[in-house]
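Asker: Quick paste of what TrEMBL says about this protein:
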REGION    1-42  region 'Disordered'
COMPBIAS  19-31  compositional bias 'Polar residues'
COMPBIAS  32-42  compositional bias 'Basic and acidic residues'
DOMAIN    45-129  domain 'RRM'
DOMAIN    165-241  domain 'RRM'
REGION    253-276  region 'Disordered'
DOMAIN    330-404  domain 'RRM'
DOMAIN    447-521  domain 'RRM'
Amino acid sequence: MDGDVAVGVKRGSDELNMYGSSPNSMTANGSDSKKQRLDESPPSRVLHIRKLPNEVSETEVIALGLPFGKVTNILMLKGKNQAFLELGTEEAAITMVNYYTAVTPQVRNTPVFIQYSNHKELKTDSALNQRAQAVLQAVSAVQDGSSPSSDPGVLDLTPPPSPVLRIIIDNMFYPVTLDVLQQIFSKFGTVMKIITFTKNNQFQALLQFSDPVNAQQAKLSLDGQNIYNSCCTLRIDFSKLVNLNVKYNNDKSRDYTRPDLPTGDGEATNKDHSLLGTPSGALASYSSGGGYSSSLSLSQGGGAISPLSAAAAAAAAAGRVALSGSGVSGVLLASNLNEEMVTPQSLFTLFGVYGDVQRVKILYNKKDSALIQLSDGNQAQLAMSHLNGQKVFGKVMRVTLSKHQTVALPREGLDDHLLTKDFSGSPLHRFKKPGSKNFQNIFPPSATLHLSNIRDGVGEDDLRLLFSNSGGTVKAFKFFQDRKMALIQMSSVEEAIQALMDLHNYDMGGNHHLKVSFSKSTI
């Protein structure tokens, strides 16, 4: 299929011309610039997909239809950036069009347009559509649970080895919960069990379907997709396990076949160790349905990559996160602060772990609240997701997005109480330099701190004493081989936060300023 495959549907080019202006077709997307006021055409199990990105693969087009039922035929019109997809039943096609009416379908981050075709079935010329047919055969074999007989060079689809998937979330800037995973994966079949855990400071999950074929379909469609815009990327493999043993039903593990299981010790999320940082059941109203229908209407314009928009919208609607950092204010409101202890400098240091803080203003009439302005909305989202609910100076801090776009500086001479500070020229910004290693070392608050830029001659006892003086108890200490870096473990996350605020950029003499950050390691 080196050139265009423009034949294979009877009068294929005529049909393409009709779609430019046909008054009797229905489009499953709201924003086609060419779209006129369209009357509904009769549903068909053949769908016409337009405005596909260049170099799109057959697998990517098939993946659009896979969650809705069996895909029985495909015709690629690569020169025209179009394709026709035939589903096994008209009902499946109607479900797909209805779903993508609410959620803009995207391929490679590009919105595409889906509508019913005037044809009731695809008659493809197999000689001219060979590659597409080979891919389709491989996918069909997977759906049927048999071994594909297609050319292995076309698509590597061995029979699914297990109903259990291992899921890793890369670039986890926003929290992802067990309920969000259930939302996303239940589209492909019955999710029976989920276990979530953190390994090497990465949020991971094991998810068991009732059937290995469903696991294969989910892996094919979702591997590499983002849950939220530009982050929370799903990396999916088959697990070596074929059955999960779930002991407790709580926010870390769930056996949907056994609602009688106890909640166990994990009922309340331990904020100190959790990447998720939300109480159990935050998405209860969405997870109980087990499907997408309850959240479809929320996902319009959400911007997360299909087919995950509905789950992202459900998460956002439950008060979790906004769907995208773009267009979001870079200003946060921190409240329930300890007004006796908090200073603009301490907030600059703490929030500076997750972004470059430009300005901090402690509110004059409400000194337990402060506005923190970061460089952009993504940094603000990241700081909010990691710091909301953390204990700072003995009080649980609340962090939300502010309606303010910037933090205003007071007129000269009017800030008698030094409540506002401009840090825009600070040399301590961690993320000013593009490609800085600091981008790879963003971790949630933890009891273990990473120390760097330690001056020669400074020993373990010196550092233990320094960190004990910040009001905490040092539980463990370990130098790296070069003794310029070390790990130090405090007795709680709150103590580690306090030590970081006190001692990041501490002057050790000889032009050595100590660098302190949260670590993913334990000692």
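Every residue gets a Cβ built from N, Cα and C, even glycine.
Please situate the listed features within the shown structure.
Answerer: Averaged over the domain 'RRM' (45-129), the predicted model reaches a pLDDT of 85.
In terms of DSSP secondary structure, the domain 'RRM' (165-241) contains 22 helix, 34 strand, 21 coil.
Shown for the domain 'RRM' (330-404): DSSP residue counts in helix, strand and coil, namely 19 helix, 24 strand, 32 coil.
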Asker: Please list, for the domain 'RRM' (45-129), how many residues fall into helix, strand and coil according to DSSP.
Answerer: 27 helix, 26 strand, 32 coil
Asker: Using DSSP, what's the helix, strand and coil tally for the domain 'RRM' (447-521)?
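Answerer: In the domain 'RRM' (447-521), the DSSP-based counts are 20 helix, 22 strand, 33 coil.
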